[in-house]
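Just below is one structure, and these are the notes that go with it.
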Amino acid sequence: RQHATQAEEAESGDARKTASELRAKNGVLQEQLAAQGALLRQLEAQLHESQRSCTQLRTQILVYEGEMERAQGQLEAEMQNLEEEKNRVIEEAFVRAESEMKAVHENLAGVRMNLLSLQPALRTLTSDYNSLKKQVQEFPSMLENAIREAKQEICQVISQVSSTNQELLSKYRREMNLRKKCHDELVRLKGNIRVLCRVRPVRPEEQDSAGAETLLSFDSEDDAVLHLSSRGKVTTFELDRVFPPQASQEEVFLEVRDLVTSCIDGFNVCIFAYGQTGSGKTYTMEGVADDPGINQRALRLLFSQVTERSADWDHQVSVSMLEIYNETLRDLLVDQPSEKLDIKLNPDGSGQLYVPGLTQFTVQSPEDINKVLELGHRNRATACTNLNEHSSRSHALLTVTVTGSNPSTGTHTQGRLHLVDLAGSERVGRSGAAGGRLREAQCINRSLSALGDVISALRSRHAHVPFRNSRLTYLLQDSLGGASKTLMMVQVSPLPGNVSESLCSLKFAQRVRSVELSSSSSSSSRRLDASSASSSPTHDGAEVRRPARGPGPRCPATSDL
């Protein structure tokens, strides 16, 4: 029994052990079942998601199939249109080709006809060539015979007209000598002073004034003639050119432009305006911003010519500006032009005059010169008179020096262009000048009178030319004689109230025009003046000595001094 009990206990222990193992396995299986259930639910969720995606994809596929069908329809339609266009183009090209081929065939037929018609001509040319070849071979003998016959005929003709021919030959020789003299005279006269006259228009404020009718008239057939009516007498003046009031600044400059080129070629050129106060000198020389005068146009042309010659020439352009005020030189290109300058003989032995201490600027363009001019205009002396609200009380000289060198030839040139705006000439009684203004007017008129005396001496070929009687003429000595080029623009007012001044200016202009600038006489006069030119005459605190009277007419302005 004990054994049975032990056996039962052993079996019971085994059963418990087995039951324990089964429970452990059941727990594991339960966990696996739960994991499988979770996995199953996850797979079911993925299945539902896949089904929804599949449904969407089927929908998109249907949409794409519809779009593909529409695109295929459009493509088929375009292909059909392209096919039709291709057929049309091919048909047009075919028609055009047929037309061109037809034209080519017609041209070919024409060429064939021409060839057929040219064959006889070719045969004729061949025949002519053979004939000419034969004539060429015979030409030397034919030429010799022709020359012999011509010589015989010429000898006969010469013998028949021998007396007539001798007379014609004599006339021809006289004509050739006369033409040679005229040519020499023309070459010699190229250095003469050219005198132009410009009549300013009547201003609007002068239209209603008493006596506004002009007493000047122009010659319709000759633009170098001007008529002036004064005291019942008509005086005719013949100048190089007369510009009526309606003449433009461009027309005036066309008469001046050749002188600018002469400056670049190495000549001294002087262009100055002369006339009574208020006659338009400053307008002619300077003009206005939108219609410039001679100064601006000359400078533009000068730089244009320098640019054109830059391939062969190296040019340097410098500019200076001074005024002659009460016979005193003042540098206008300094901030305060108080230092008095003097005129000296250049120590380099050239015999030329220069102004020591005068400011010079090297410029590269007309704009650079304009900047210089602005300073010069601010410093120039002006004042109000009865004849002009802003009368220029000094002679303003703008000097442009052009130095050129040609490296290939070693040639050097130097020319000066003097652009001179002279102070207005005026009778003291009419100008209303007094005190300092009176002395200014006297100095102005005296220097202009000295200019006339210099020109008279040049005209008369005097051994001595009084250049030194005025700072103006002394400074411009190199531009008033020798091979220099000088142009005077005489400004005239058309108003009857200014007839005396106009008559004076025109007489002075005609007097200048008759001057003959001989290189030899001018050179000798310069030597005479240069002999005592170690220093120029001093005018400070003393009046300039009265210049010698020339044979020409005197200006009324000087008679009132």
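A Cβ is built for glycine as well, from the same backbone N, Cα and C atoms used for every other residue.
Residues annotated as ATP binding site in TrEMBL: Gly275, Gln276, Thr277, Gly278, Ser279, Gly280, Lys281, Thr282.
According to TrEMBL, the coiled coil annotation covers 40-92.
Feature annotation from TrEMBL assigns compositional bias 'Low complexity' to 518-536 (among others).
The compositional bias 'Low complexity' annotation in TrEMBL covers 549-561 (among others).
Positions annotated as domain 'Kinesin motor' by TrEMBL: 192-515.
The region 'Disordered' annotation in TrEMBL covers 518-561.
The Cβ of Ser279 (ATP binding site) has 28 neighbouring Cβ atoms from other residues within 10 Å, across all protein chains displayed. Across the binding-site residues listed here (Gly275, Gly278, Gly280), the residue whose Cβ sits among the most other Cβ atoms within 10 Å is Gly275. Cβ neighbour density within 10 Å is lowest for Thr282 among the binding-site residues Gln276, Thr277, Thr282. Lys281 (ATP binding site) is surrounded by 27 other CB atoms, counting those within 10 A of its CB over all protein chains shown.
In this model, the coiled coil (40-92) carries an average pLDDT of 90.
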